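Visitor: Right, I'll just put the structure down here and ask away after.
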Amino acid sequence: MFMAENRLQLQKGSAEETIERFYNRQGIETIEGFQQMFVTKTLNTEDTDEVKILTIWESEDSFNNWLNSDVFKEAHKNVRLKSDDDGQQSPILSNKVFKYDIGYHYQK
């Protein structure tokens, strides 16, 4: 199994609104190999909010298929970093993607 983490640094006070955007999934569940998604808010941050999107996949290839899919492009077409100079406000200050091999998983 494989896990991808997209770690978002957000303007303070924007985490809840960002999380709510995930209530209406936009196709990730249709990608072969997708298994689970967790969207988390880091507690007790000071200057910014932090939201992590954790997705579980059968394999890294499944995740890469998602990244290269038209479904991914469509789902992310309106996502902008705050630094993008297009006149639209975005709470996203930065993001970084981390990849993990899952060595052990237990679920009750």
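One-based numbering along the chain as shown.
Heads up, the Cβ atoms here are built off N, Cα and C, so glycines get one too.
Model, not experiment: these values are computed from the prediction.
Feature annotation from Swiss-Prot assigns Fe cation binding site to N6. Residues or ranges marked as heme binding site in Swiss-Prot: R21, F22, Y23, N24, R25, Q26, G27, I28, H76. Marked as domain 'ABM' by Swiss-Prot on the basis of sequence analysis: 2-93. Under the heading site 'Transition state stabilizer', Swiss-Prot lists W66.
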Visitor: Rounded to a whole number, what is the top Cα to Cα distance in Å among the residues the record ties to heme, namely R21, F22, Y23, N24, R25, Q26, G27, I28, H76?
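Guide: The heme-binding residues span at most 15 Å between Cα atoms.
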Visitor: Spatially, and counting Cα to Cα, which of the binding-site residues is closest to W66 (site 'Transition state stabilizer')? Options: N6, R21, Y23, G27, H76.
Guide: G27
Visitor: Give me the CA-CA distance between H76 (heme binding site) and N6 (Fe cation binding site), in Å, as a whole number.
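Guide: Rounded to a whole number, the Cα-Cα distance is 13 Å.
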Visitor: So if I draw a 10 Å sphere around the Cβ of H76 (heme binding site), how many other Cβ atoms end up inside it?
Guide: 11
Visitor: Across all chains shown, how many C-beta atoms besides its own are within 10 angstroms of the C-beta of R25 (heme binding site)?
Guide: 12
Visitor: Which of these recorded positions has the least crowded Cβ, counting other Cβ atoms within 10 Å: Y23, W66?
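Guide: Y23, out of the recorded positions Y23, W66, has the fewest neighbouring Cβ atoms within 10 Å.
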Visitor: When DSSP states are grouped into helix, strand and coil, how many residues of the domain 'ABM' (2-93) land in each?
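Guide: Across the domain 'ABM' (2-93), the residues distribute as 26 helix, 30 strand, 36 coil.
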Visitor: List every residue in the same chain as G27 (heme binding site), at least 6 positions away in sequence, whose Cβ is under 8 Å from its Cβ.
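Guide: Expected: S69, V71, F72, E74, A75.
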Visitor: Over the domain 'ABM' (2-93), work out the mean pLDDT and round it to an integer.
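Guide: Average per-residue pLDDT within the domain 'ABM' (2-93): 89.
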